[in-house]
Structure formats: structure tokens, C-alpha cells
Amino acid sequence: MNVIDHVRDMAAAGLHSNVRILSSLLLTMSNNNPELFSPAQKYQLLVYHADSIFHDKEYRNAACKYSMALQQKKVLSKTSKVRTSTGGAASNIQAQSLPSEIEVKYKIAECYTILKLDKDAIAVLDGIPSRQRTPKINMMLANLYRKAGQERSAVTSYKEVLRQCPLALDAIIGLLSLSVKGAEVASMTVDVIQSIPNLDWLSVWIKAYAFIHAGDNQRAINTICSLEKKSLLRDNVDLLVSLADVYFRAGDTKNAILKFEQAQMLDPYLIKGMDVYGYLMAREGHLEDVEVLGGRLFNISDQHAEPWVISGCHSFYSKRYSRALYLGAKAIQLNSNSVQALLLKGAALRNMGRVQEAIIHFREAMRLAPCRLDCYEGLIDCYLASNGIREAMGMANNIYKTLGANAQTLTILATVCLEDPVTQEKAKTLLDKALAQRPDYTKAVVKKAELLSREQKYEEGIALLRNALANQSDCLLHRMLGDFLVAVNDYQEAMDQYSIALSLDPNDQKSLEGMQKMEKEESPSDATVELDGDDMEGSGEDGDLEGSDNEAAQWADQEQWFGMQ
């Protein structure tokens, strides 16, 4: 047993720090005396040394050392022909025991991916002949192609993963996200479903995710519910998180929160989807619960975007926009595909008056999640804030035509129409259609109430808000009802409604102002009505880190709040 064998055994045993020290010494010896180790042994040493550096998360250094190993492998290849003619079977056995060149290239691509050098990663993997690509190489390539917008190549790579591993469910989701038909994807799994017992649920699962990525939220909800009710899949955390997310996309906040809570109870260490859950809780005014949730997730892992997004949502709804911007940027740094982080940063930029930067972030969120309406809403809000009514109308009409006439798209289009006096009547018609479909859809109720306030139809507005509050309790609706009651001189009940609103969200400044105004005015009959829409349908959007360098510096020296604030 030679020294290289000892290095290999330590690497296999996970003694990475030991491998790093010993391999470094041996490589120095080899450089000073090239005859000390054979080309094959030096290649092994370089790979084991690079592996130990990779384990220490020094990815640039590791990529460099892996590249040196590949150069050494070329030297080895040149001498192998001579050695095989003289060494025979022994040389073949030695060659088979060497670290895989394909695996080394994968490791280099992994380093580049972590360093966000996606083009370099693609170049390395593209250099591997198709027939030699393992499933994990094809999976990495598919994800990189999709991120780079090379959809056709991504589809090809995902399909190759499924050809080799027909139960690779993340590859299935990848194909569905690229608009590949559910039936085509399902056809690639037929053989394995028929050959393995208790896999009959898989075709339904594929159908559910096909509906999700087609933006058909109601059918997705129905399909996932049918799966979740089956005894063998009951209480599956992944299904519950997906169901909660679809409820959220459909604008059903109550059921979304309920399902997120159910998933969290089943798995206290759950991270996936908790950024959306934290956002919903913050939007509902439960900031203390959001703070606790963020702290708990930081204790689980600070290397995921979710806890940073949750803390950012807490800051945003506490009106600390600079800090929310920093936290959103940190989340994006950890995961550039985090839609919720992009939405958070976009919303913070918008509220800080940096509308053009916010637009960039919302557009990136739209690219990553083309079926999430909150991405489009954030962009439309930016257009309206910069008086870009024409751009906002174009975007709203496009959403309406693409996703159909549902309560959400009707309300989005109506929101833009309300900004132009010429289209006020159209807005009213659209809102009536939205409420006919979903009488409890809060955004539609809010916009209809705003319109009734403009028209001074207070009694009609009161009836609308009472009906909406019959089956739900929402801070904004209670506050708006209080405003309408002031307009009809019903001050006592108005005070009650403001109190309920503040009990739901103690930070609701407008309800507090409404109460104080009534208490101070000697002539309550002179009270004026102030109606406002939901000041934040808080999504934000995309975000590169350049937009928040100052904010990052501002918060970098305050790590004591590290997620616990």
C-alpha cells in the first residue's frame, strides 16, 4: 500500500482537512522531483487535493485545482497508449481505479455555478460528449440552460434525465415549467408506472403540476386536493406546500395560510415555501409571528433565501424600507431564482421612489414565474407610480388575454382603468364581473369600495363591505367600513370598526388616524372620508445587488439583528 492509497482512503473516510495537508505536501515533493510519482498518481493527488479544497468552500481555488488535474489527465492519456502496450491488464485496472474525468468536469461546473459563473459552467458541461453525460450532468445543464433562457436545450436535457431516470420528479417539473404538455411528460413515465406497484398517483401528480404551470389555479387546487385526500399521500409536506402556494396564487389567503401552517406542524424544520408564508403573515399584520418565524428559520439555516425574505417582509411592513432592501438583496445573493426575494426588493425600491430599479426586479420575477400575478401587479404599480398609464394598460390587457377572465385578472385590469376618468365605467363593469365570480375576493372588494367612495354611494359601499366581512376578517376592509360609516355619521360603529382593524394590525396607521380624527373633531359631521387601496400588495421583484450597495453597507455592521429582529 503506497502513500497515494492512504490519501484515497482518507478522502473516502471524509478526512478532508487531513487530505488537504498531506496532498499539498506530496504535490510539492512531486514538483521538486517529477520522477517521484507517476502521471496517474499525480492526477489522483490533484483530484483529492481539489476535493478537499471544495469541501472547505474555496470554490475558485477548487476550480483551479480541478483544471490542473484535467491538464495532468491529458499528460496521462498521452502516455497511456505506450503503457497499455507494455503493461497490459494491470494498466487497465489502474486506469479504471482513477478518479473519473467526467466527475472532475462536473465538479468544475459545480464550482462555477456556486460562483454564479453560469456561462463558464455551461461551457464545461457542453464539452462532455452527450453519450458520456450522467443524469446529474444533464440535470445541471437543463437548469443552467433554463436560467440562461435557452429553453429548447433545457427541454432536451430534462428529457434525457427522464430517459435515464423516469422518476426524476424535479425534471418533470422543469419540463412542465417550460410549457411541455402534461400528456407528453406523462408518456415518458408510463412504463415505470405500469411496472411498479402503488405508483398510480404519479399521473395525477403530473396533471396537478401541469395545471400549476399553465396558470390554471382552480384545477390545480382540485387535483392536488384529490391527491392529498388519498390515504397513502395524506399529510405529505411537499403536496401541502404546493397546495398552499396555489391557494396563494389564486388569491385565497385564508386557505394558503392554513395549508402552510399544516405543513409547518408536520415538519418543524420546513424551509421551502416559508418565504411566501411569512409574506402573507406580514401582509395580514401578524408582525410578531413573522419575527418569530424568521428567527426560527435562521436557527435552521442562514444559507437559504427564505429566512432573509421573512425578516425583509417584517422590515417592509414596519416601513423600514432600506433594511428590507438590504435583506432582499442578501436573499437574492443566496438564491438568484427566489421570486419572493425579487418581489421584496422590488417593493422596497418602489416605496423608496426608485421606480426604474424596481421595474427591473419585477420583470425578472415575471420571467422566473410567468404565472404569478403578483409579479405583474408589482410592475403595474410601478408604471402607475411613474404615470405610465399606457404601459400599465398594455400589461393589464395582456394578462387578461393570456390568463383569461378570472377574478384576479379582471381586478388587475379594473385597477388600471380606475386611474383614467375615461375608463371609470369599464372599471365598474370589470369589478362587478370579478365579484360575481368571487364575492369574497378582497382586492376586488377594495377597488369597488374605492369607486363607490368616489361616487359618494356610501350606503352601497357599506353593504358591500359588510357582505365581504361576513365570512372573513380583514384589517383593510374593517378600516374602509369605518371610513364609510364616518361619511354617514355613524361614528360609534365607525370607532368599533377602526378598533377591530387595529386589533388585526396594530401598525395600521390609517385606522389610528381615523380614530384620533374623530376624537379630536368637535364637529364630527364635518368628518371627511379618506379611502385608500391596499397600500401594498406587497410583492417585489427581481433584484440584482447593485441597486443596494449603500444599504448593504449601512446594515453590514449590524449583524446583531441577524434575523432575530
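Any Cβ shown, glycine's included, is placed from N, Cα and C.
Residues annotated as repeat 'TPR' in TrEMBL: 237-270, 339-372, 475-508. The region 'Disordered' annotation in TrEMBL covers 514-565. Look at TrEMBL and you will find 514-523 tagged as compositional bias 'Basic and acidic residues'. Among the features that TrEMBL reports, compositional bias 'Acidic residues' is placed at 529-549.
Per-residue pLDDT, averaged across the repeat 'TPR' (475-508), gives 88. For the repeat 'TPR' (339-372), the number of residues in each DSSP class (helix H, G, I; strand E, B; coil) is 27 helix, 0 strand, 7 coil. With helix defined as DSSP H, G or I and strand as E or B, the repeat 'TPR' (237-270) counts 27 helix, 0 strand, 7 coil.
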